[in-house]
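According to Swiss-Prot, the protein carries these features:
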- 3-120: domain 'MTTase N-terminal' (DOMAIN)
- Cys12, Cys49, Cys83: [4Fe-4S] cluster 1 binding site (BINDING)
- 143-375: domain 'Radical SAM core' (DOMAIN)
- Cys157, Cys161, Cys164: [4Fe-4S] cluster 2 binding site (BINDING)
- 378-442: domain 'TRAM' (DOMAIN)
Amino acid sequence: MAQKLFIKTYGCQMNEYDSSRMADLLGESHSVELTDNPDEADILLLNTCSIREKAQEKVFHQLGRWKTLKEKNPNLLIGVGGCVASQEGDAIRDRAPYVDMVFGPQTLHRLPEMVNSVAHQKIPMVDVTFPEIEKFDRLPMPSSEGASAFVSIMEGCSKYCTFCVVPYTRGEEVSRPVDDVIAEIAHLAGQGVREVNLLGQNVNAYRGLTHDGDYMDLAELITYVASVDGIDRIRYTTSHPVEFSDSLIDVYASVPKLVSHLHLPVQSGSDRILNLMKRGHTVAEYTDKLRRLQEIRPDISLSSDFIVGFPGETDADFEETMNLINEIGFDHSFSFVYSARPGTPAANLEDNVSEEAKKQRLAILQQRILQFAQDISRKMVGSTQRILVTGVSKKDPGELQGRTENNRVVNFRSDSHDIIGRFVDVTITAALPNSLRGERVDSLDY
């Protein structure tokens with residue numbers, strides 16, 4: 001009987017991608033089958049994230065639950081991967097000696113060897129090195145069960161913003177060769193994937209080697225991806241404003257398959273705070289790029305990241321952030337109160353903003369962006385949207401679910417499931433707090 005693998009994932013889309021590749025890897029090497037029940041698993045993997053506060057405590061809390069399973073089944077293998085693993089290394093086993101494997105984002109491709117070593121030699125393994133692109137050289141082609149898929153085109157970040165641990169946990173920027181990226185996307189298209197989301201911690205810093213020895217940037221890569229047969233929708237995330245280039249803006253005019261949605265983290269609307277964060281740009285430079293983009297795509301949906309309560313942030317600084325939000329009209333954000341991450345330069349700054357002020361500012365910010373989101377959703381009522389049907393509605397088996405270009409979930413009634421994985425036109429009939437409702441336009445499907 002095949003061994004069972006359970007993976008619990010914290011964090012970003014890159015971690016979701018990495019977890020899927022772990023499953024592909026061990027499926028090929030050890031014929032394991034995924035399970036959603038940790039109690040029946042032979043291998044437990046925890047893919048961790050260190051971006052937010054108390055990340056380590058969250059990891060050890062989960063490992064404490066798994067310790068009981070290990071006591072019941074001494075042959076159970078427990079592995080910890082991701083950014084907390086990269087950051088903590090041997091310290092994870094010092095605190096949780098029942099953990100068998102510790103590996104970073106750049107060494108997950110070595111999982112088969114780790115599993116063999118632990119299973120046969122009973123020797124725990126810790127490998128949190130940064131072997132650059134070797135990870136992708138040794139991963140099998142991915143499998144996909146849906147019409148949308150993530151494709152990692154680069155790893156790491158070289159920006160070293162003062163608040164961020166990513167350069168220390170995932171390493172410097174390393175881009176995958178163009179041919180490898182296109183081959184993976186073509187493989188996914190052959191499995192029925194219609195939408196790809198190009199991933200990277202700083203994806204618009206992509207500089208991929210071509211087969212003739214030149215380098216290709218993200219704008220050129222998007223043009224190539226658009227030519228892959230079967231791929232009809234392209235997204236990318238996450239971007240940095242400094243490298244949101246003119247050529248990338250121009251590609252929105254030349255590649256219709258690139259969605260009218262952009263997530264461009266700004267973190268703050270105060271130049272003084274941006275300087276303390278070492279973001280490398282001003283608010284004016286950020287807004288200028290968005291204005292030029294809006295000239296090309298007037299209907300583009302814009303989202304961002306915000307940190308409130310960064311050390312030294314005053315009421316005036318926060319007001320400037322709100323002014324930026326009101327000027328741009330973001331319709332979604334990932335927003336958090338500041339918490340110091342160990343080993344980052346900002347951790348040495350005096351955290352002089354009270355928790356009460358942080359929470360109050362966050363509530364104000366999130367409420368304003370929610371208002372923008374609801375306004376945009378209401379304006380979509382009556383319009384016809386091209387929807388990629390992704391599956392059955394979670395709340396009603398008689399309905400199907402899909403996403404618009406601007407990343408809104410749409411539920412609509414359908415007697416047939418044959419259109420799952422296809423594009424259909426849906427007229428929006430209602431805007432709900434977290435989704436849209438619609439009616440399919442039967443004569444127009446793709």
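Keep in mind that glycine also has a Cβ here, set from the backbone N, Cα and C atoms.
Structure coloured by features recorded in Swiss-Prot.
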residue : record                          : Cβ contacts under 8 Å, 6 or more apart
Cys12   : [4Fe-4S] cluster 1 binding site : Cys49, Ile51, Thr238
Cys83   : [4Fe-4S] cluster 1 binding site : Gly11, Asn15, Thr48, Cys49, Ser50, Ile51, Ala55, Gly104, Pro105, Val165, Val166, Thr169, Arg170
Cys157  : [4Fe-4S] cluster 2 binding site : Cys164, Val166, Pro167, Arg170, Glu172, Glu173, Gln201, Asn202, Ala205, His240
Cys161  : [4Fe-4S] cluster 2 binding site : Gln267, Met277, Lys278, Arg279
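Each residue in the domain 'TRAM' (378-442) gets a DSSP state, and the totals come to 3 helix, 35 strand, 27 coil. Other than Cys12, Cys49, Cys83, the residues of this chain whose Cβ falls within 8 Å of the Cβ centroid of the [4Fe-4S] cluster 1 site are, in sequence order, Tyr10, Gly11, Met14, Asn15, Thr48, Ser50, Ile51, Gly82, Thr169. With every protein chain in view, the residue among the binding-site residues Cys49, Cys164 whose Cβ has the most Cβ partners within 10 Å turns out to be Cys164. Listed in chain order, the residues near the [4Fe-4S] cluster 2 site other than Cys157, Cys161, Cys164 are Lys159, Tyr160, Phe163, Val165, Val166, Pro167, Gln201, Asn202, each with its Cβ within 8 Å of the site Cβ centroid.
On the 0 to 100 pLDDT scale, the domain 'TRAM' (378-442) averages 93 in this prediction.
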